[in-house]
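These notes are about the structure you will find just below.
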Amino acid sequence: MERDNYDIPELIELEKKRQQETINLIPSENFVSRAVLEALGSCLVNKYAEGYPGKRYYQGNEVIDEIENLTIERAKKLFNTPHANVQPYSGSPANQAVYMACCSLGDTVMGMDLSAGGHLTHGSAVSFSGKYYASVFYGVAEETQRLDYEEIAKIAEKEKPRLIWCGATAYPRFFDWSEFNKIARSVGAYLAADISHYAGLVAGGAYPSPVDWVDIVTTTTHKTLRGPRGAIILVTDQGLQKDPDLAKKIQKSVFPGLQGGPHENAIAAIAVCLAEASTDEFKEYAKQVVINSAVLAEELKKNGFNLVSGGTDNHLILIDLRNKNILGKEAAVALEKAGIICNANSIPFDPNPPARPSAIRLGTPAVTTRGMKEAEMKVIAGLINSALEKEADLSAAKNEVLRLISRFPLK
Ligand code: DSN
């Protein structure tokens, strides 16, 4: 059959095969359970439920209200916060709602620079966050490639932001939430932690929780949390002390401020993933993600790779490829040919432009879900090394990848 004639079911099968037969090292991706998939593909997709439980703009929402209330309760319990909104369609809309709740257009906001590992929605000039707000940035120290809290405090003191973001998409170290708390309190700013990358690790006790230190927590639900595409906004006790109306403002910003009908099939799937993330088995998973990342990092170093900040505290590793004379994109393409999937990424103070960055970003959440442990991380480091050698035999590497991955089938 010509590929052009394939319809969606065949294409889904092809994508399933691709996922089955590759080693996925993209740190923001994962594999969900069958139960999550079933909730996502359920009849809940048929229902409109604009509004919130108990106050909908459509009839027929008795069951939907129970589903959304259950999801809210599970989110509050898992992360230990007094308030949760589970309606944001994904991470960017969730963060947008935080701006809408805390700021007026044009206010000064502060976040981690994209080039240092921050997210587009933390103030980048190309996103709404940099277009509608006056964004200022902190980065990492050039020498250590780690956050320099004294420097961040100085920037905050000078710029007096209304809102400070902590959290990142490409920072391999811990965030010291308590340091951010001191900085935000000293300038009277709202403090929001975007834990999209760490939520599963936080839930599983493998990464410190920001809940006691920040006013708002946002997270996507599809990364380490291993749920469907979606997001949650949590308001903490501290947030309610700072601003007793904060939860109400978040509610109004999500609906009717930014969104219409919530995706209740995704919300139900979030409820399923939150229940899964409350188990002892998930705690083991979260711990193993971090162990695997540490082992992969050490093995890569043994193979002569330079890692940003010298290693990792979490699920994510950035390889600075400059000593290997290969650009990030070239490396990611070569690895894909060998069956290893990752993405090109900038490094802090990257001498190359964002379109031709110097690094690749790797992570262990997805391979850990497949059941891989320390021994496999050592093999993967070796495979990465051989695939990035000059004139590497990428089809031989792909056979090795297939041999390894076939021992860890997707359920
Ligand atoms: N696209 C996500 C990531 O890969 O980190 C962030 O939104």
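Glycine is no exception: its Cβ is also placed from the backbone N, Cα and C atoms.
Over in TrEMBL, the protein carries these features:
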DOMAIN    5-384  domain 'Serine hydroxymethyltransferase-like'
BINDING   LEU114, GLY118, HIS119, LEU120  (6S)-5,6,7,8-tetrahydrofolate binding site
SITE      HIS222  site 'Plays an important role in substrate specificity'
MOD_RES   LYS223  N6-(pyridoxal phosphate)lysine
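All features noted in TrEMBL, drawn onto the structure.
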| residue | record | Cβ neighbours (10 Å) |
| --- | --- | --- |
| LEU114 | (6S)-5,6,7,8-tetrahydrofolate binding site | 23 |
| GLY118 | (6S)-5,6,7,8-tetrahydrofolate binding site | 24 |
| HIS119 | (6S)-5,6,7,8-tetrahydrofolate binding site | 23 |
| LEU120 | (6S)-5,6,7,8-tetrahydrofolate binding site | 18 |
| HIS222 | site 'Plays an important role in substrate specificity' | 26 |
| LYS223 | N6-(pyridoxal phosphate)lysine | 27 |
For HIS222 (site 'Plays an important role in substrate specificity'): DSSP state (helix, strand, coil): coil
Distance from LYS223 (N6-(pyridoxal phosphate)lysine) back to GLY118 ((6S)-5,6,7,8-tetrahydrofolate binding site), taken between C-alpha atoms, in Å: 16
Env. residues of (6S)-5,6,7,8-tetrahydrofolate site, Cβ within 8 Å of mean position of LEU114, GLY118, HIS119, LEU120 Cβ: GLY111, MET112, ASP113, GLY117, THR121, HIS122, GLY123, SER124, SER127, ALA168, THR169
PLDDT averaged over every residue in the domain 'Serine hydroxymethyltransferase-like' (5-384): 98
Whole-number Å value for how far HIS119 ((6S)-5,6,7,8-tetrahydrofolate binding site) lies from the residue listed as 'N6-(pyridoxal phosphate)lysine' (Cα to Cα): 15
Secondary structure at GLY118 ((6S)-5,6,7,8-tetrahydrofolate binding site), reduced by DSSP to three states: coil
